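Novice: First the structure, then my questions, so here it is.
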Amino acid sequence: MEKQANSSRSDNSDSERNESEFGTAIIDKEAQTIALEPSTSVEPVPDGGLEAWLIVLGATIVLVDTWGLINTFGVFQAYYEETLLKTSSASDISWIGSIQAALLCLVGLISGPLFDAGYFRHTLVGGLFLIIFGMFMTSLCTVYWQFVLAQGICVGLGMGLTFLPSAAIISQYFSRHRALALGISSAGSPVAGIVFPIIFSRLEPVVGFGWATRVLAFILLALSVIPLVCMRTRIPPSGKARALFDRSALTDWPYVTFVASSFFSFLTLYVPFFYITVFATAHKITTPDFAPYLVTMLNVGSVFGRLVPNALADRYGSLNVLSICLIGSAAIGYGWLGIQNLAGAIVFALLYGALSGGVVSLVPSVIVSLAPDMSRVGVRMGISFLVSGIALLIGTPIAGAIVGGYSDAEWKGTMAYAASGLLFAAVLNTVARVMVYKKRGGWRA
């Protein structure tokens, strides 16, 4: 009996069990992982198989439709400044892309709880419709406010309805390889960022802005059939009302610190994506015809940044790998200050794309690892994306205000702003990692 009691105490010291309507969430302190012990009505997490990988395929297409378009906005930014919206400032034009990116995150505060409540299909269908409809409407726009409504608000709302649920659903199908699955799905974003700028740059001189944009919309329409066919939730909803806000999150200090880190990450992370094309042409580093390909280079690097860090995260912990990616992104960001030729710009684009890609793709797996149980993943993601959305909304317009008239001093101020935000984010993320160590023990998180 004494031996059994000691064994029981030992088991309790290694793990904690949190009950939820989906089953029992087991938090293993030693391994620093969260696994779902299913209830009698839910099968074990498959962690692979045809159905699970079809979910990843569908999520990949959703990333093409969401972050893929955001990664492409640098081409639109340059085109609007040079052609369609010459009378608008760089800061004003960047509001179109920042509204789009902000809504992707802000609407997560609603789509997260809707996902938890069992409305995944509703958010998926509605979101994809808004994205495609918004892109078709963008092709008809001629003045600034029309672009804000169509490309900024309409497309952004659709992104917000689809992105968070497509990330959260992967946690229902993967446990041990969750970070890798999220990384593979997020590779859809840079792939779109590689292909879409090339398509737009090649077609626009031949068929004009309208049809070049409509071609992108038709591509999105065809691809969106895949998630509509493949993606289904595995865990049934509880049937209980789910709050839009998880009050316990406010006292979970590792999570709060991580969310603060995410704010500064997304405040400046996309500054190079929006302004690298304008920077290259303003400094005569390359011709206006080749400048859009620097956005492509950023996304080429980002493909590797979505896959390699996430593969490492399953072994070494998502928070640990995220800290490395943030520190590396900040260092490369400061390196932007020294670029004086095309070779330097290409190297910067490839390296920054790789490290920033790791930052974006690791965030969902970190949130899952910090969640007390799986039933609150959607709400916790929604809170985090709300804060990140505010950062995305104001981050690139601030950069546009700093760059102002494109003087050398203004460009250096913009670069320093971009890199310093990432450096501060790295510091906060490291603090969150130390907090997790003190709370759970072990360095794998």
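The first residue you see is number 1, and the count goes up from there.
Positions of Cβ are set from backbone N, Cα and C atoms, glycine also.
Sharing the record's features from TrEMBL:
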type: REGION; residues: 1-21; note: region 'Disordered'
type: COMPBIAS; residues: 1-10; note: compositional bias 'Low complexity'
type: COMPBIAS; residues: 11-20; note: compositional bias 'Basic and acidic residues'
type: DOMAIN; residues: 51-438; note: domain 'Major facilitator superfamily (MFS) profile'
type: TRANSMEM; residues: 52-73; note: transmembrane segment
type: TRANSMEM; residues: 93-112; note: transmembrane segment
type: TRANSMEM; residues: 119-137; note: transmembrane segment
type: TRANSMEM; residues: 143-167; note: transmembrane segment
type: TRANSMEM; residues: 179-199; note: transmembrane segment
type: TRANSMEM; residues: 211-231; note: transmembrane segment
type: TRANSMEM; residues: 252-278; note: transmembrane segment
type: TRANSMEM; residues: 290-308; note: transmembrane segment
type: TRANSMEM; residues: 320-339; note: transmembrane segment
type: TRANSMEM; residues: 345-371; note: transmembrane segment
type: TRANSMEM; residues: 383-403; note: transmembrane segment
type: TRANSMEM; residues: 415-436; note: transmembrane segment
Novice: Using Cβ atoms only, state whether the transmembrane segment (143-167) and the transmembrane segment (320-339) have three or more pairs under 8 Å that are 6 or more apart in sequence.
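Specialist: Since fewer than 3 Cβ pairs under 8 Å link them, the transmembrane segment (143-167) and the transmembrane segment (320-339) do not come into contact.
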Novice: Could you pull out which residues elsewhere in the chain have a CB under 8 Å from any CB of the transmembrane segment (119-137), counting only those six or more residues past its ends?
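Specialist: Contacts of the transmembrane segment (119-137) (Cβ under 8 Å, skipping residues fewer than 6 from its ends): 62, 65-66, 69, 111, 146, 149-151, 153-163, 165-166, 169, 213-214, 216-217, 220-221, 224, 227-228, 231-233.
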Novice: Decide whether the stretches the transmembrane segment (252-278) and the transmembrane segment (290-308) have at least 3 CB pairs under 8 angstroms, with pairs required to be 6 or more apart in sequence.
Specialist: yes
Novice: Is the number of Cβ-Cβ pairs under 8 Å between the transmembrane segment (52-73) and the transmembrane segment (290-308) three or more, considering only pairs separated by 6 or more positions?
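Specialist: Contact between the transmembrane segment (52-73) and the transmembrane segment (290-308): present.
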Novice: What residues in the same chain, six or more past the boundaries of the transmembrane segment (290-308), come closer than 8 Å to it by Cβ-Cβ distance?
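Specialist: For the transmembrane segment (290-308), the far contacts come to 71-72, 74-75, 78, 183-184, 186-187, 189-194, 197-198, 200-201, 272-273, 276-277, 280-281, 325, 342, 345-346, 349-361.
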Novice: Give me the stretch from 93-112, 179-199, 345-371 with the greatest number of Cβ pairs under 8 Å to the transmembrane segment (383-403).
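Specialist: Per the Cβ under 8 Å count, 93-112.
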Novice: How about long-range neighbours of the transmembrane segment (320-339): same chain, 6 or more residues beyond its ends, C-beta under 8 Å?
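Specialist: Long-range Cβ neighbours of the transmembrane segment (320-339): 261, 265, 268-269, 272, 285, 305, 309-310, 312-313, 345, 348, 351-352, 355-356, 358-359, 362-363, 366, 412, 415-416, 418-420, 422-423, 425-426, 429-430, 433, 443-445.
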Novice: Which residues, given as numbers and ranges, are at least 6 beyond the ends of the transmembrane segment (179-199) yet have a Cβ under 8 Å from it?
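Specialist: Contacts of the transmembrane segment (179-199) (Cβ under 8 Å, skipping residues fewer than 6 from its ends): 52, 56, 59-64, 66-72, 74-75, 166-167, 170, 173, 212, 215-216, 219, 292-293, 295-296, 298-303, 305-307, 309-311, 313-314, 318, 353, 357, 360-362, 364-365.
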